[in-house]
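Taken from TrEMBL as is:
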DOMAIN    1-412  domain 'Major facilitator superfamily (MFS) profile'
TRANSMEM  35-56  transmembrane segment
TRANSMEM  63-83  transmembrane segment
TRANSMEM  89-109  transmembrane segment
TRANSMEM  121-140  transmembrane segment
TRANSMEM  146-167  transmembrane segment
TRANSMEM  226-249  transmembrane segment
TRANSMEM  261-280  transmembrane segment
TRANSMEM  287-308  transmembrane segment
TRANSMEM  320-342  transmembrane segment
TRANSMEM  354-380  transmembrane segment
TRANSMEM  386-406  transmembrane segment
Amino acid sequence: MCYLLLGVGCGWVSPILNRFRNSDTDFSLTTEACSLIASLHYIGRAAGSILAAALVNRIGRNMAFVATSLISCATWSTVFSTFSIPAHYAARVAFGVCVGLTEFTTALYVGENSSPTLRGVLSSAMSILFYSGELLMFIIGAYQSYATIALVNVALSLATVASTLLLREPAQHLLAKGDLALAEKRFLELRGTSDASKCEFQETKQQLTDGQTVNLQLLADRSVRVVVILSTSVYITGYPVINLMASLIMSSTSKLTPNELTIVMGVIMLLGISATPLIIERFGRRPLFMTSMVVSLLSNLAVAAIFWCQTHGHPIAHSAWLVFGSLTIYSTSVAAVMYPVITTIRGELMSPQLKAVGGCLAIVVNSILSLVMTGVFLSIAEAYGIEMNFLIFAASSAAVLLYAYFELPETRGLTLTEIQRSLKK
């Protein structure tokens, strides 16, 4: 449910910016205001991940989800009650805190609570919830009033608070708190009572007690490096910009407005990601991730070429549909493959003593990059042409693809303890 909240919070931006950018209403948004509303939540996202890293082992995973729901409820209540632009800036920062808390905690929760054959499937399920929320907001944002949009989000936030009552703390948190008996009971309930499961529990307990101090040398560990760099791929290849500003990037066709094209894109993305649980544990993490990066490279190059032709006096027939198609292929690849694979890797690759700091570092770095890229997108488009942005995204895709080829290990089908042993070889 928390990922559904994140989806509606991100999906809110595109139709709202399209509705109020340079409008004749009292809530008219300038280009600068649009950029800030689209990007400010990345500041909160970084703060939320730092907060989660500091508190999640003390208060537990469940309380982090409760905090996310309550902050979201307060945020949308603010949006409902005022048209003040500064208040909306503050609300977007608060929403970012929810994003940071949820992303950080969910990666831990899924990695700790699920078996090797279910980690990818559960990560895919979270992505389905996220993009369902986005699609819901694309539709409501295009056709409903501003007040209705805010009230729907308040209701979803309250429903999420109720859903957290169903969660149970994972064994790793109980071990960290010293409750060994309950930790073993919880672990064996999830994994079964076989000798292999009992051995895995003992290894997990040993890993948690082997080293609790994180130093700079540990932060240079291969697992942290891979998680941080691969996590940036979603953000430096253009997804935050395309996701938040799709209605501003796309042009009307003969039959559909930009908002309606965004809805169609959301439907296609959701259909694509519905197939992810069927493939993520059938194929390895490496081939899936690298395929998604090839799609990213080609899609961004195609969009850059189309916009370059338009701005240099070489019109292309059906260019609006071609841009829509290229962006949809890219976004579906991110939603259905790239993001679920990265979420899975972030929860399984790092050792227990590195997960908190390493996961926080990944989210902070990504937030800074996303803040910069969404903040300068419209300015670069006005100064150098919109195609320059997509050339940057394509170059970033090529760089990450090259890195993954040499550095990304395969983790499919391995337990968390087996992954750590393989990294030490």
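Placed from the backbone N, Cα and C atoms, the Cβ positions cover glycine too.
Between the transmembrane segment (320-342) and the transmembrane segment (287-308) there are 3 or more Cβ pairs closer than 8 Å, counting only residues 6 or more apart in sequence, so the two stretches are in contact. Packing against the transmembrane segment (261-280) from elsewhere in the chain are residues 11, 14-15, 120-121, 123-125, 127-128, 131-132, 134-135, 138-139, 142, 246-247, 250, 252-253, 288, 324, 327-328, 331-332, 335-337, 340-341, 344: each is 6 or more residues past its ends and has a CB under 8 Å from a CB in it.
Counted over residue pairs 6 or more apart, the CB atoms of the transmembrane segment (386-406) and the transmembrane segment (287-308) come under 8 Å in at least three pairs, which marks the two as touching. Among the stretches 63-83, 121-140, 226-249, 354-380, the one making the largest number of Cβ pairs under 8 Å with the transmembrane segment (146-167) is 63-83.
When Cβ-Cβ distances under 8 Å to the transmembrane segment (354-380) are tallied for each of 35-56, 63-83, 287-308, the top count falls to 35-56.
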